[in-house]
Amino acid sequence: RTQKLTPSGVQTNEYADAQLQDIVRKLRERATVYKEKLKDPVLSSPEGSPTASPSKKKPPPPPKEEKKEEKKEEAEAKPEEDHYCDMLCCKFKKPPLKKYMEYLQLPDSIDSYTDRRYVTWLMLVTVAYNWNCWFIPLRFVFPYQTPSNIIYWIVIDIICDICYLCDLLVFQPRVQFLRGGDIISDKVEMKKFYYSSMKFRLDVLSVLPFDVLYFFFGFNPAFRANRFLKHNTFFEFNDRLEAILDKAYIYRVIRTTGYLLFILHINACLYYWASDYEGLGSTRWVYDGEGNMYLRCYYWAVRTLITIGGLPEPQTLFEIVFQLLNFFLGVFVFSSLIGQMRDVIGAATAGQNYYRSCMDNTVSYMNTYSIPKLVQNRVRTWYEYTWDSQGMLDESELLEQMPLKMQLAIAIDVNFAIVNKVDLFKGCDTQMIYDMLLRLKSIVYLPGDFVCKKGEIGREMYIIKQGEVQVLGGPDGTKVLVTLRAGAVFGEISLLAAGGGNRRTANVVAHGFANLFILDKKTLNEILVHYPDSEKLLMKKAKYVL
């Protein structure tokens, strides 16, 4: 900083003088802005403009309304923001209550095939139905319902009845249905369809309050026998649950076992009723009244229905007839359930049996022609790895049974992400890639297998779906030039060359197990006929690559 002498003889500081000049310049600019603001009120300024009339003390209402609207918009926007909950020293994100309420809110129409909430509701109704099926006969026959615990039985019965009523009044009138191939989701039409069905009549009969007869004839569980008519919901739940389970055969085995246990339960109830009718302990055949009454009767029912034998001989005509009916029923029921269990297990292992059959036939063929053991071991390894990785030997067999659109949808979900990463097809028509997905063939190579050899005539290209391959070169052809991984492409020169007949320039070997997509030149040309723009793009890339 330097001092200088002015003509008047006063010393000034250069830095302070520069700052003052800058302040003067800014004040002039500010004055110019205010002059323009007074001439044109539309222009904005850093500060609020003065009011037109000084006598008005209250601000105009529009700004308040704008502020209210802004506050409303902020309040509406708050649920969409992230919600955080502070607990002690932790801060974690939690979804807002509104999202929970929206998910739990019952829709106007229910798709019974895809709505998991509907399946959950059917499960609750099925639990109520099973309660009635198992405990109404038990309470009617065995002396387990007493005046001291009657209140508990009644409370659970009321809860089950509420489930029945909610299903009748709330859920079933909202279920969509098919009419002439169209999905009907109109409220009025859905109600008409349900009210005109046999299921509605049975549902109404199942909730008729015959329990009021308790006041005239006492608390007899037999008055609730109409609750058994809710069987349609039970079977519907089984169908819907099997449709969404990954391993439905496990549930089928459990359900079949439950059928057997329920039939034995009913037989135990009948045996106790017959013993009580004859008189407990009156003969050697009836229940003698000792021990746990239900377990003793259930043990008798198991030995009778499964025809194990070793039971006391019936004495009276009633006992003989009862025992004969049990034997006949046991033979029929037991054979039916064994046959059903065999079908369930057979269906669950059908794929495994097919795989075993194919492998055994192949091994038998190789033994017939004396194929070397080394080759046989590689064939067995291929079968085992293909089955373990895919769950089937040929994916195309499964897809061929489906419509073309479904095949495309599955191919897009499974393979589109891999093919879309390939640089060769970037910029091509998406529909062309979709068509190509349906034509790709998946092949598994074992460790050390040659995918292609140097000097071969190339007629296809390869896309690595899973695993790695190594490109070999060098004087002896064993040097690893590069390792290609999932999403990489090789052999594309064979497809892009206009004249064809290009020979492979290197050996490509599978490093570990490798799953590759193969696309041959003929298939690609058939696809490109319908996509000329994509064909031009690929030809440009071909010239660059070649």
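Glycine is no exception: its Cβ is also placed from the backbone N, Cα and C atoms.
Straight from TrEMBL, the features:
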type: REGION; residues: 37-77; note: region 'Disordered'
type: COMPBIAS; residues: 63-77; note: compositional bias 'Basic and acidic residues'
type: TRANSMEM; residues: 118-138; note: transmembrane segment
type: TRANSMEM; residues: 150-171; note: transmembrane segment
type: TRANSMEM; residues: 200-219; note: transmembrane segment
type: TRANSMEM; residues: 249-273; note: transmembrane segment
type: TRANSMEM; residues: 317-338; note: transmembrane segment
type: DOMAIN; residues: 424-528; note: domain 'Cyclic nucleotide-binding'
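Most Cβ pairs under 8 Å to the transmembrane segment (200-219), among the stretches 118-138, 150-171, 249-273, 317-338, belong to 150-171. Over the domain 'Cyclic nucleotide-binding' (424-528), the average per-residue pLDDT in this prediction is 84.
Taking H, G and I as helix, E and B as strand and the rest as coil, DSSP gives the domain 'Cyclic nucleotide-binding' (424-528) the counts 25 helix, 46 strand, 34 coil.
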